[in-house]
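Features of the protein shown, as given by TrEMBL:
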- 16-36: transmembrane segment (TRANSMEM)
- 364-384: transmembrane segment (TRANSMEM)
- 390-408: transmembrane segment (TRANSMEM)
- 429-450: transmembrane segment (TRANSMEM)
- 462-484: transmembrane segment (TRANSMEM)
- 522-541: transmembrane segment (TRANSMEM)
- 857-876: transmembrane segment (TRANSMEM)
- 883-903: transmembrane segment (TRANSMEM)
- 909-930: transmembrane segment (TRANSMEM)
- 958-977: transmembrane segment (TRANSMEM)
- 983-1007: transmembrane segment (TRANSMEM)
């Protein structure tokens, strides 16, 4: 290798090298202790919510005046991927989605651009619009959730007590980013009127509401300045209690009327309820805690527990705290399991080293491994790479790879010692002969992980630590092999008492030499068998199941439940109570938490969060163990279909990887809503034709009933009525209207005017509703208005400003979304071809996200190949030799496909990353072998002899490395996340190693010319 001999320098600077090794180990141990811990790596949710409210507006008005105008402005956002909007009467929510390749560090800039763009037109929006409001914390994870139930306390009393707990947490735990309330029901002061008395007193509602608002206003009354001081003036009249409200004086026909004479006031909870939280069948409220960016979840858990102990000690008896989400405990368990797997891998590799090399050489490798790991931990801490599912898995993979350099160095030293060299000469020879090809092989192996590191997607962001940790580990292993291993070897290895030549091959190696000689002699048969196996693997690849990311192995189940869209939140709560009863009776659950009228809060990063709606609910069920989770999932699926045939339900475990939502999704876009409805039914029929689909439904399609009141404006004017007055009467008679606020401590409680319960309007009494008119009379609504019933769209989803209707479905057990979409592809293509101009069906869900992630990886493959070929040319400086390495690379697919099929493992995103990484491993072994063959030829041996001698010399370290890698991956092979990658690497590397020892020497002889008729004995 060009440059100074690092091994020789290390031996010369023995004391300094030993000092460096000790410092590395100690610093690495402290770094390991201080590394952050998490269950999964974080990734950026590149979605922002923009919401605007326009009370009283129709769907069409909201669509035209809010949605259209906001979307036009947002279309210019840098890096925009899609605009998704949901418009309801009076409210619009727009999801601003950035491209998957948009750099995470630039996301805050994009959100500021969104704020600026919307702010530029905010003043032009219709009068009365509230907002727009922005939510760029959409991806915050609330890993710790405490629920509180109460016996003998009102909702307000419970909230006030829990608010003290919340304040304590925010004060005592700086690592907390925010604490959100769950399940809280706001209070209201209900001002109930008797319409007949209002009419008899010749009052109209608008005058009453204005009088209440005018008296309750907070306005400055001025300051009197004297020679000595400034004295503020204060005007009384604001409401401090419910009774104050009833003392408001009204003027009617010259008379003073007290509000209490025509109305009563009482404090109640909001009706209908806001989204509810139920814990184990009982209503509750909760505090959801989110951690600051860059925090340590285990440290947060410790601090929150300490602060909660202090706060809970002051809670009154009867308020029960329940920890319903405990991410620190989950992380601690997950890290513990993976750390155990890591140490199991270390033990396996050490055992293999001792058995294959002997005690002293095995001890050299055994010492090199912890030194390498210490260096890796040190760099991980510097780069702020936490310990989590991906980084720990990467460490296990790296462990199986990093032993190669130490084994190669020790093997070379043993051979030179056996030939009679001194320890120093043997160590420096190992560097001279192998350091360059080892470094090239190391860099090529790292290049195999380049697509992972440079993939511009959410999945790439999720798995980038795999590239970083493996790269760090392989570089560290090379440095340890050339700097520290010679020092360790000089102490532990012993030179033979006599011997001036390398020992001959043993019986196994002689058998291998004969087999290789026959493979070279009958080279075309060798090539034909290899080609045949590769062809079988290529055909078998289509039979391997596809999967994006697997389900988590956590014990939670998510029950997604949706009643018909017109259902009330009370109907949802009744249905949820029935589901909870079934869960309790099953005996499989430890606890369950129900979110009624909304989705779960993001307690887990990969959850799909949708807007709140009264008809939908989700239940998080914590089962007793993994087996209980599997049983309950099947039982719940069967029961829900029978118990709620009118509902859409899905029972699923938590998913790993990026957010995907329902597994199978098809988006149908076009300008006309009625055409969309008709075509969506056809699309749903196509999806239903696939037996592996279930729970097929739409994100919107059902129209809702509407009562249309067409006022005869001429007749209304003759009666002295305006549309605004009529709207106030109707709002009061039906649902109530907020007219002012009661200031109670830090709370602002709305004052809601509503007809008394006995006078409250129902649909069958609408025409006879008595509307007060000037002169103290009332007139039935039907005398000046025409009342009709019709259907309207309750809300509308759009994507990139086009109405978009999505067909969603789940897949049956053992089926995958990829297989379902592939089976439906011909029919979907046919439908697309038959659609009118301007309409299109697109694939969404898991398949779309998977394709985006895989495309981001494969886009970097050319760079990977360029780096590999460049390194090959630098090392080998021969197109022929580099071509032989490249020809060997795809043959690893033989072992990959065979192993995945044999063990029934899917080819998912992580397995694809493993295959790409395998390319680098194969190339490294091939480079070292070809370099060895060239060295043998330079020593004067013929082509065939050189090929056989080099293959014989490299067989033991190659097989030992492969065996160490395969056995080292065994601890993670059973896991759901890493299993497919582990099997892909194990099978591919085993077969590729055998081909490296048989096919590659044969190919070398074939291309360079066979100069012997037989293999020397």
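Every residue, even glycine, has its Cβ placed from backbone N, Cα and C.
Where the annotation comes from TrEMBL, it is an automatic prediction and has not been curated.
With a threshold of 8 Å between CB atoms, the same-chain residues lying at least 6 positions outside the transmembrane segment (909-930) that come near it are 397, 401, 404, 408, 434, 437-438, 440-442, 444-449, 451-452, 459, 463, 466, 470, 548-549, 657, 850, 853-854, 857, 861, 864, 868, 872, 875-876, 881, 884-885, 888-889, 891-893, 896, 900, 950-951, 954, 958, 961, 965, 977-978, 980-985, 988-989, 992-993, 996-997, 1000-1001, 1004.
Counting Cβ pairs under 8 Å to the transmembrane segment (462-484), the stretch among 364-384, 429-450, 883-903, 958-977, 983-1007 with the most such contacts is 364-384.
Beyond its flanks by at least six residues, the transmembrane segment (16-36) meets 10, 295-297, 370-371, 373-378, 380-381, 384-387, 483-484, 487 of its own chain at Cβ-Cβ distances under 8 Å. Between the transmembrane segment (390-408) and the transmembrane segment (522-541), the number of CB pairs under 8 angstroms, six or more residues apart, is fewer than three, so the stretches are not in contact. With pairs at least 6 apart in sequence, the transmembrane segment (522-541) and the transmembrane segment (883-903) have 3 or more Cβ pairs within the 8 Å limit; the two touch.
Only sequence-distant pairs (6 or more apart) were considered; of these, at least three Cβ pairs between the transmembrane segment (983-1007) and the transmembrane segment (522-541) are under 8 A, so the stretches are in contact.
Same-chain residues lying 6+ beyond the ends of the transmembrane segment (958-977) with a Cβ under 8 Å from its Cβ atoms: 340-342, 344-345, 348-349, 352-353, 356-357, 389, 393, 396-397, 399-401, 403-404, 407-408, 549-553, 656, 910, 921, 925, 929, 983, 985-986, 989-990, 993, 996-997.
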